[in-house]
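Student: Below are the features listed in TrEMBL for this protein:
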type     : residues        : note
ACT_SITE : 182             : active site, proton acceptor
BINDING  : 45, 84, 115     : Mg(2+) binding site
BINDING  : 45, 46, 84, 113 : 3-methyl-2-oxobutanoate binding site
Ligand code: KIV
């Protein structure tokens, strides 16, 4: 199978083929995700919560991300590998270049992800003009949880929806090659997905996005605590982790996940 690239993801969007994305943090799970035909693997800074047991993603540092990205890269075969830039590791364009370079050169990432809209445009321009592919992230921004006042659906009123649409367009124009939308009403996420030429990957953003992402431990039902509304436990009706991941890929490709019960109005 040919490797997934930023070009093949755009082609998938154009052809209406849904993109299946999961997080991974180590080589063994990555190999299993590859066997199931995952398109994109995200080494999310969610590792702070599901691997390190932290209360938020804020304490994760660049060396944590490089270490886990390197582990994942050893198990990767065809998927595109994205690594999160952790909190405060891209607070200036100069620092972002240093962090992204480390994640790509020493971790083996193909693309880096950062959170934020208008404030990140210059950073996105700098990264992409230096040959670093960028995945942007709008909606609920976990690194801004204290500013947002909690993990809440974003873009529900007209003004915040307008700003999110403008930010999405501006990020694409600045060179971002993928966008994650987290906890965004279904209709707004679908509209943004239609407007953009780059793939839009949703998490709690409804079935109208070009692809879906979940935190691996959430979709296996092993994250402690009450699962978020947008999470489906794929292990519950299967017999193994491999079967659960295959069921996720199949449901994303078929457009049957997420259902209305996993989405927001
Ligand atoms: O860190 C992460 O796992 C993420 C996903 C929730 C998109 O950013």
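Cβ atoms here come from the backbone N, Cα and C positions, even for glycine.
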Student: Using C-alpha atoms only, work out the spacing between residue 84 (Mg(2+) binding site) and residue 113 (3-methyl-2-oxobutanoate binding site) and round it to an integer in Å.
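Tutor: About 5 Å separates the two Cα atoms.
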Student: Out of the binding-site residues I have (45, 46, 84, 115), which ones have their Cβ sitting under 6 Å from ligand 1?
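Tutor: Only 45, 46, 84 meet the Cβ criterion.
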Student: So among the recorded positions 45, 182, who's got the most Cβ atoms within 10 Å?
Tutor: 45
Student: Beyond 45, 46, 84, 113, what residues of that chain have CB atoms within 8 A of the centre of the 3-methyl-2-oxobutanoate site's CB atoms?
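Tutor: Those within range, site residues removed, are 23, 42, 43, 44, 47, 57, 60, 65, 83, 85, 86, 142.
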Student: Any idea what DSSP makes of the residue listed as 'active site, proton acceptor', helix, strand or coil?
Tutor: strand
Student: Roughly how many angstrom lie between the C-alpha atoms of residue 45 (Mg(2+) binding site) and residue 182 (active site, proton acceptor)?
Tutor: 14
Student: Between residue 115 (Mg(2+) binding site) and residue 182 (active site, proton acceptor), how many Å separate their Cα atoms?
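Tutor: So the Cα of residue 182 (active site, proton acceptor) lies 10 Å away from that of residue 115 (Mg(2+) binding site).
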Student: I need the most crowded of these binding-site residues: 84, 115. Count other C-beta atoms within 10 angstroms of each C-beta and give me the top one.
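Tutor: Sorting the candidates by Cβ neighbours within 10 Å, the top entry is 84.
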